[in-house]
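J.: Before I ask anything, let me first share the structure, which is written out below as structure tokens.
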Amino acid sequence: MFSTLARSRAHFLLLLLFPAFVCSREEALFASSVTYCQPPDTLLIQQFDIIFFPANQTVSFNISAASVNPNVNVTANLLLNVYGMNPVNFTLDLCSVLNGALCPLPTYNFVGADSIKLPDSLGVSDKIPGIAFKIPDLEGFAQLTLTEIGTGDVKACIQATLSNGWSAHQSAVEWVTASFALAAFLSAFFHSLFPESLTPFRFLDLFYLYQAIATSAFLNINYPSLYRAFTLNFAWAVGLVSPTSSSSLQSSIDAMRHHTGGGLPNSTSSSAVGFVNRKLSPYNQPEDSLTISPLSLVPRGATSAFGDFLGALSNTNIRVTEVTRPGGFSLKTNLAMQPAVQGEVQTVTAGSSNVLEAGIPIYANSIHIGTANAFTTTFIVSLIVLVVVVAVLGLGYAVALAIRRSRTRKGKETGFDYFSFVQSWCVRLGLIFLLPLLVLAFYQWTLKDSWLSILLSVITFLGLLVLLAYPPYLIFGLVRKSKDPYELYSLSPPTYLTSLGPLYAKYRPERYYVFLTLLIVPFLKAIFISFANPSGLAQVILLFVTEFAVLGLQIGLRPDRTKGGYILNTYLGVTRLVATGLLISFVERTAVKAIPRTVIGVIIAIIWAVAVVILILDLVIYHILFPLWQIL
């Protein structure tokens, strides 16, 4: 019965972890973000919502733009980049179409929303492969460059990232993984009444796995968009909770930073993809590869196709007004997608200050958390969790006190030490937040932003030092005093099993000291992620060596108390090692092409997803259903 149940649950969980592969919808491509790739001079954009439906070869659009400089003769270069390849890249002299109506470029406001059918002569379907409409987190962008004839000056440069609506980042996955974590916590809370139970350790293992997935996207390497989106499903496990539309948390943090010397960009509700460094996914372009050659003119025959397109466009619902500067428009889009322009269109160049680099900046901003807000967000979330846990433990103390008084009246004594129970959960809470708080606290120091954020990170680090130093001091002190590690597992007072057991109780007495890896490894990872950030290659190598050493200790020392625990922890160690090793393909120096990188990203995501499913199944079957089965 359990094998059938396990198979059905595994299938269900995989569908939840990869919902983009099991749903169906109308195929489409649309602009997901719009930015200027040069400071705007001739062409200004206020709204740019456009979507292409391949089924009927139609384009729906809602555009508000303005040409503001008179007497400008330009050529238009259109470049379409998909996974680092350019299926479309041509330059058209606008003076050669429509009998010179676009030469010089008219000073017009263009306002329009309509749907048009593309002429067959454009051959759009032949240039866009069918997989572009299906693969999640498509890596592609279109660039329009207007270059003045004669001078070669760039008068306008606009980039729009492309999306098909599919993504590996799904709110359903976040809710499902969080729900299983909550169920694991409730089970662990009950089983923690019994010091030798392994259920609380499986709860910690689940959180460690979630955090390993999330922090694997913190490195300074060129992640495929699909893999980064997958890891965002677990951002909540490191305290990076995406703000809701009604939340004022990020704006409050922004205000706090700016009142205490912070100068880095604020959080924003707009898409972060438009600010990504152009060398990285989804752009996949070296810094000098976007230079437009004035000689790459459109081939003969394409001019007539372009004319067919303009002819179709002329029959649409467009208002054209002669102006010198664009006025304010209030347009309602009829497209079922997020507006590509939210607020003012930003200029993003290689030297601009708003460029998002690989690692924590792109990761945090992808869920609308500013780079400088990452630590403070996790710090506040950890405080909220701490308050909730203290409230629950306070309520538990009231219940325990009432039970104790009731038993005392009946002449019975209770041997339950509630204070040790509270200590044990404080240790577990510290273990859960150790890695994310250390990583983001150290990273905050490298930003040199708000002095208050730095002060909070220093206080947090000093608090975590207590967890890193004091419990090991007590544990080794007892062993040194008794000269017998078995004393750590004794229930006779004084005992550390009920208070500090979350550190070492899952290990054999002879291998109790292996608990140090739970404290040292997060500390080392935080140092490597934060302070080795200038070199992605160094980060990957250092983390791989760390995981290799941890796995070597696991296999060589066999520290687990049970055979099942040894097999599970060895499997999780192999998973972390393999996933970390494959990250080498994302290092820019390896120069792996975009499509192979994406395939490797899918493989790593599947490796993580299988591990999550196996660990959740272990928790559900052996630590929730099986105990209930025995009770019933």
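Glycine too: its Cβ is placed from the backbone N, Cα and C atoms.
Annotations in TrEMBL come from automatic prediction, not curation.
Just lifted these from TrEMBL, have a look:
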SIGNAL    1-24  signal peptide
DOMAIN    27-169  domain 'ML-like'
TRANSMEM  379-404  transmembrane segment
TRANSMEM  425-445  transmembrane segment
TRANSMEM  451-476  transmembrane segment
TRANSMEM  512-531  transmembrane segment
TRANSMEM  537-557  transmembrane segment
TRANSMEM  599-625  transmembrane segment
J.: Summarise the domain 'ML-like' (27-169) as counts of helix, strand and coil residues per DSSP.
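T.: Grouping H, G, I as helix and E, B as strand yields 17 helix, 76 strand, 50 coil.
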J.: Could you pull out which residues elsewhere in the chain have a CB under 8 Å from any CB of the transmembrane segment (512-531), counting only those six or more residues past its ends?
T.: 215, 218-219, 359, 431, 434-435, 438-439, 441-443, 445-446, 467-468, 472, 475-476, 479, 485, 488, 503-504, 538-539, 542-543, 546, 550, 553, 557, 559
J.: Quickly jot the same-chain residues contacting the transmembrane segment (379-404) by Cβ under 8 Å, restricted to those at least six beyond its ends, or write none.
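T.: Distant contacts of the transmembrane segment (379-404): 239-241, 249, 253, 414, 416, 418, 421-422, 425, 429, 433, 437, 440, 456-457, 460.
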J.: What residues in the same chain, six or more past the boundaries of the transmembrane segment (425-445), come closer than 8 Å to it by Cβ-Cβ distance?
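T.: Sequence-remote neighbours of the transmembrane segment (425-445) are 189, 192, 200, 203-204, 207-208, 211, 214-215, 218, 237-240, 360, 372, 374-375, 378-379, 382, 385-386, 389, 393, 453-454, 457-458, 460-461, 464, 467-468, 471, 499-500, 502-503, 518-519, 522-523, 525-527, 529-531, 533.
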